[in-house]
Each structure stands twice: as structure tokens, then as C-alpha cells.
Amino acid sequence: MVGTTATDVAPTMGVKIFSAGVAACLADVITFPLDTAKVRLQIQGECQTTSGIRYKGVLGTITTLAKTEGPLKLYSGLPAGLQRQISFASLRIGLYDTVQEFWGGEEATPSLRSKICAGLTTGGVAVFIGQPTEVVKVRLQAQSHLHGLKPRYTGTYNAYRIIATTESLSTLWKGTTPNLLRNIIINCTELVTYDLMKGALVRNDILADDVPCHLLSALIAGFCTTLLSSPVDVVKTRFINSPQGQYTSVPSCAMSMLTKEGPTAFFKGFAPSFLRLASWNVIMFVCFEKLKRELMKSRQTVDCAT
């Protein structure tokens with residue numbers, strides 16, 4: 001995934017991890033309202049509703065949330081979201097090239113097998129580390145203040161404390177199984193598709209290794225990822241947000257959705273998921289590639305000066 005020109009120096013692992021974390025946080029800040037809309041649409045239809053309001057479409061959900069609960073509600077859970085990107089995206093994206101080289105061994109050109117293995121490895125490790133931030137983020141996004149409903153949590157750190165003390169510390173890792181499956185799918189599809197598309201565009205002289213190439217590759221990766229991960233993503237959101245006892249397991253959550261709402265329930269929130277992931281990918285990958293190069297140029301300048 002590292003693109004270098006003749007004058008570029010390959011970025012170090014530290015530069016890649018730092019660049020991935022910063023780029024992911026920037027992408028999260030810009031696209032977070034879409035993520036909140038996605039969560040609200042995904043939990044809509046459960047027998048236990050949060051507010052009685054029906055959300056319709058991406059813009060309709062965002063508009064309804066802003067009007068009924070205030071514009072700031074669109075960013076509820078953002079601190080946990082940024083914590084998630086620092087602990088999660090920085091590892092799954094920043095370590096991808098290094099792990100790919102490990103799996104590739106003596107390969108002159110990384111094979112599809114080594115790319116997939118790298119995506120599986122970095123995605124799996126990142127989920128276990130970042131899962132508590134995901135649980136808090138989803139719960140803050142899902143809770144409503146309407147109709148006299150008392151919010152479960154007043155803020156990010158309050159949510160961590162209440163979940164750990166009233167439910168158990170292990171609840172912070174609730175939904176790890178569907179989230180692990182989701183992020184293995186996302187990581188493999190997103191990074192491998194981006195890597196393959198970018199390589200094909202550059203190798204066939206269709207586009208240079210620059211912003212237009214990164215943008216197109218990120219858009220294609222975003223669509224493929226959303227299509228494959230949507231069913232698991234909806235189950236993950238429902239299970240994480242559910243109160244104790246509503247579902248006995250991840251499969252029971254999936255079966256409940258299937259029997260009560262039908263197979264289309266697994267694609268609830270597809271539009272905001274795609275808009276969010278595609279725009280997130282574009283912002284993140286373009287910034288990631290640019291930041292890596294600028295940091296290495298700055299490092300070269302400092303090295304030359306000394």
C-alpha cells in the first residue's frame with residue numbers, strides 16, 4: 001500500500017502508524033454525523049425503541065436528529081470515536097505494510113495471500129484493543145433524550161464507568177465476536193481492494209500515484225466494503241446496544257432480526273454506511289498518503305541539515 005516515487009523514501013513503521021491515526025481522526029470528525037445516522041437506522045425496528053420516532057433516509061435521519069435533539073447530538077460519542085481511531089485505525093492501517101512483508105517472506109511482489117493475511121492479522125489485533133471504545137461510542141450514539149427518557153450516560157468517561165460498574169468490566173468487550181468478524185471483513189476488503197486498485201491504476205499508467213488515484217481507489221474500496229460488511233455491522237450494533245437479557249447471544253440477535261423484520265433488516269442503514277465509509281476512506285487514504293510523504297520529506301530535510 002506504500003506508494004513511492006523515485007525521489008521518495010519509504011516511510012518507517014512509526015510514520016505509518018502516526019499518519020494512519022491522524023488521518024483516521026480527521027476523517028472521523030468530518031463524517032461522524034453519517035455514522036450516528038447509520039447507528040440510529042440500524043437499531044430502528046427493535047421491539048424496544050428509544051424515542052418512538054421513525055427515521056427515513058440519511059438526510060432525513062440527520063435532519064430529524066438535529067431538530068429534535070439538537071445539532072450536537074450528531075456528534076454524541078465523538079470522543080470515544082476518536083479514541084477508537086487512535087487505538088484501532090492507527091494499528092490496522094499503520095501496521096498493514098509491515099505485516100504484509102512478514103507474511104510475504106521472500107516474495108518480490110506481495111501476493112494476494114499475503115495481503116489478505118495482513119488484513120486479517122491487523123484487523124483482529126486492533127479489534128481486541130479498541131473494542132471498549134466501540135461499545136461506548138455506539139451506546140452514546142444510540143441513546144435518545146426524548147419523551148422524558150433519562151439518558152443512560154452523561155458523557156464518554158461516565159459511560160465507561162457505568163458500564164464497568166453496573167454491568168461488568170467484560171461488557172466493555174461485548175460484541176467482540178461480531179465486531180471481530182465485521183472488522184476482518186472490512187480490513188481485508190478495504191485495504192486489499194484499495195491496495196489492488198491503486199496498484200492496477202499505477203501499473204497500467206491509468207493514473208499516477210497521486211490524489212486522483214487515491215480518491216478513486218478509496219471510493220471503490222468503500223463500496224465493496226460496505227456491501228460485504230453491512231449484515232455483520234447491523235448485528236454488531238444491535239447486540240452492543242441491547243440491554244442485558246434482550247439477546248442471549250449473537251446468533252439469537254441475528255435470528256430475532258430475521259424472523260421479526262426479514263432479511264432486509266441486515267441492510268438497514270446501508271446508504272449512510274456507504275456514504276460514511278466512502279467519504280471516510282477518501283479523506284483518510286488521501287490524508288494518510290500525503291502525510292506519510294510530507295513527514296518523510298521533513299525527516300530527509302532534517303537529516304541533510306545535520
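Glycine is treated like the rest: Cβ placed from N, Cα and C.
Note that this is a predicted model, so its numbers are computed, not measured.
Relative to the membrane, VAL9 and THR109 occupy the same side according to Swiss-Prot. Note on the topological domain 'Mitochondrial matrix' (33-73): DSSP counts are 26 helix, 0 strand, 15 coil.
In the structure as shown, the Cβ atom of LYS268 (fatty acid 16:0 binding site) sits within 10 Å of 25 other Cβ atoms. Between the transmembrane segment (74-96) and the transmembrane segment (178-194), three or more CB pairs separated by 6 or more residues in sequence fall under 8 Å, so the two stretches touch. By number of Cβ pairs under 8 Å, the transmembrane segment (212-231) is matched best by 266-288 from the list 11-32, 116-132, 178-194, 266-288. According to DSSP, the secondary structure content of the topological domain 'Mitochondrial intermembrane' (97-115) in residues is 12 helix, 0 strand, 7 coil. Across the topological domain 'Mitochondrial matrix' (33-73), the prediction's mean pLDDT works out to 80. Panel annotation: around the topological domain 'Mitochondrial matrix' (133-177), residues 35-36, 39-40, 43, 50-53, 68-69, 73, 76-77, 79-81, 83-84, 87-88, 127, 236-237, 239-241, 244, 250 of the same chain, lying at least six beyond its termini, place a Cβ under 8 Å from a Cβ of the stretch.
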